[in-house]
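Encoded as structure tokens, the structure appears first; notes follow it.
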Amino acid sequence: MAITKFCKLDLVVHESVREEVMSELQRLGCCEVITTEQAEEDQWRPESIKSLDDKLSDARFAIRFLEPYYQGEGSKIARMLGNKPKVSLDEISRLEESFDIVQYSAKLREVEKKLSEIRAELSRLRNIEGIVAKVVDFQLPLSLITKGTDYVTGIMAAIPVEQTGVFKSLLEGSINPDEGDFFISTPKEKDKEVYLIALFVKEKKEEIRNLLTSNGASIIELDPRLLGTPVEELENMAETKKELIAEEEKLFASISDEAKKNFMYLEQLHDYYDLIKRRLEAIGSGLSTEHATWNKMWVPTIAIDRIQSALSSYKSLVHMEISEPEEEDEPPVYLVSRKWASPFEPLTKLYGLPEYNGIDPTPFFAPFYFLFFGMCLGDAGYGALLALIFLYIIKKYCPRKDAFKFFVLFVLAGISSVLVGVLTGSLFGDMIDAFPILASLRDIKNSLKITDVMYNPMPFLGFSLFIGFVQIIFGLFIAFFDNLRKKDYIGAIGDQGGWITFLLGLALYILVRAGMLPPSLSSASAITAIAGACILVATQGREKKNIFSKLFSGIMSLYSITSYLGDVLSYSRLLALGLATSAIAMIINTLTLQLFHIPYIGWLLGIILFAGGHIFSIAVNVLGAFVHSLRLQYVEFFSKFYKAGGRAFDPFDMNARYVDIAESYDFDHLIHVKASS
């Protein structure tokens with residue numbers, strides 16, 4: 001079993017037990033609710049959903065507000081990978097009864113508002129402080145500018161440093177000594193502006209303002225609360241800032257205490273409200289009357305028995321009808337692979353799920369990807385480190401579901417690299433040959449080595465092209481049998497059978513001519529190739545109406561041989577990446593040996609280069625191996641038989657964001673156990 005078979009469940013439930021029944025289905029987690037168009041128009045939406053929306057919003061706010069202050073229990077990485085604390089619904093229900101989320105969030109909003117006010121005030125004081133500090137030598141009170149007196153007022157402005165003399169002359173000509181005075185700050189080394197304060201009789205305010213602005217000065221509007229001298233105001237602001245910071249720190253401490261006490265409870269409440277809301281929305285997705293609710297659902301066929309057993313206690317209050325998907329239906333897709341292939345499922349999902357009646361490519365490309373990754377990385381040392389690192393992550397953080405599969409994939413990729421590295425004699429490049437201290441291991445290495453990628457790459461290239469050709473033919477065979485399954489016999493013979501025959505015959509003929517196969521196969525291979533070509537010429541133009549168009553299209557289809565040739569040559573990247581890994585490692589080892597000859601510190605520099613260089617090499621080459629091995633599957637292999645476009649199964653379940661619900665049934669385990677039995 002690869003793509004799980006689904007059936008459609010029509011469920012009619014009496015209103016007295018509808019929430020209980022939906023709660024049980026949510027616990028099982030093996031149904032996908034279908035929302036009907038009529039239900040969208042006339043949806044059952046109780047008032048409690050509005051209340052739940054409000055509580056969810058409050059819980060989200062509280063979590064967002066407290067999260068930066070929460071130290072947490074356990075590793076954040078583990079939680080990110082799906083290892084969440086397990087809590088029962090009964091526990092959360094009791095918590096919900098004693099915890100008023102609305103009142104609590106209102107309290108936190110007040111704290112947030114207070115913090116915002118403090119931060120705004122601190123920002124205002126710092127801005128004012130920066131301006132007042134520029135005129136600290138001004139000896140008179142700033143109230144002369146901010147408020148003035150009955151006869152005198154003032155203006156403060158910023159002027160370019162280079163125009164200080166110009167403004168000084170302008171003010172001396174405009175302000176009589178008996179009517180006012182002006183002050184210009186002393187610039188520091190990198191200042192581009194200086195500040196002037198002009199005091200004058202009120203009647204001249206507009207005249208002085210226009211004089212300053214028309215010559216390029218920027219008028220500064222001081223805060224009206226500034227009344228004392230600059231020195232006094234700076235002292236007052238420093239004291240106010242000190243008080244505000246102390247109050248802010250007190251609030252931070254209070255928030256940290258709240259986070260420590262209640263953050264985990266808030267996460268539980270968030271998930272509790274979300275589960276109940278989803279349950280009510282699931283009920284509302286069907287058609288409802290005063291006495292009953294009718295819901296439609298997609299259910300995996302192998303889970304029907306489990307559902308019937310779970311709902312058996314409701315007897316006459318529940319009615320179920322099970323039917324097969326109709327032609328116009330679009331059932332969801334749920335992949336179930338054998339244990340050995342399941343780590344490769346995330347790669348299939350990354351490309352796109354297959355159509356419901358399509359082919360799951362996972363078990364077909366898994367062995368090839370395993371081999372190709374090893375050939376691209378191709379180093380026993382790098383592979384061993386890769387496998388050990390991801391084994392450590394799996395053991396320490398216990399990732400769940402797709403994260404677990406993804407990490408197991410890299411463990412397998414590391415094992416593949418170890419195998420290829422042993423067969424090509426690569427352990428951190430040429431480390432065994434390069435370092436005399438490891439000379440005793442050379443005989444063991446050479447006894448296991450079957451080829452050397454660096455000094456004799458042709459066998460490796462030949463194997464890369466051969467395995468590429470095998471995978472392409474394998475892809476055509478998959479498409480061939482899929483067409484037979486769909487009873488498209490002409491498509492199977494014409495579209496895949498013709499190419500399989502033509503390509504195999506042509507490949508054998510080339511090998512015979514190259515002297516790699518006995519000449520006795522020459523005629524058979526040529527006949528096979530010609531037969532395949534004839535099949536293609538006869539079938540590839542079958543959609544054309546005119547016989548000449550059919551013949552022309554059939555002949556032109558043979559030109560696609562260039563596409564197949566390009567696909568096969570694309571597998572030469574396996575050699576290129578393997579060579580790159582070996583070359584980089586060899587350069588690192590050579591430079592390390594040279595550093596060892598530097599007196600006194602050479603050994604330290606050599607160790608640093610060896611460790612840092614190989615860490616860099618592992619990172620770069622693992623990325624390259626992952627991407628290029630995947631590209632060969634997606635572009636060269638999948639194009640021969642695979643068509644994505646499926647919709648992922650979205651179960652109505654108790655899967656929560658922050659916690660694992662203890663009552664939740666392990667649906668994945670049920671599916672995989674039944675699939676493998």
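From the backbone N, Cα and C atoms, a Cβ is placed for every residue, glycine too.
What TrEMBL records for this protein:
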- 101-128: coiled coil (COILED)
- 368-394: transmembrane segment (TRANSMEM)
- 406-428: transmembrane segment (TRANSMEM)
- 460-481: transmembrane segment (TRANSMEM)
- 493-512: transmembrane segment (TRANSMEM)
- 518-538: transmembrane segment (TRANSMEM)
- 571-591: transmembrane segment (TRANSMEM)
- 603-627: transmembrane segment (TRANSMEM)
Task: pLDDT averaged over the residues of the coiled coil (101-128) - done: 95
- [ ] Sort out for me which stretch, of 368-394, 406-428, 518-538, has the most Cβ pairs below 8 angstroms to the transmembrane segment (571-591).
- [x] 368-394
Open item on the list: If you count every Cβ pair below 8 Å, which range out of 368-394, 406-428, 518-538 shares the most with the transmembrane segment (460-481)?
Closed with: 368-394
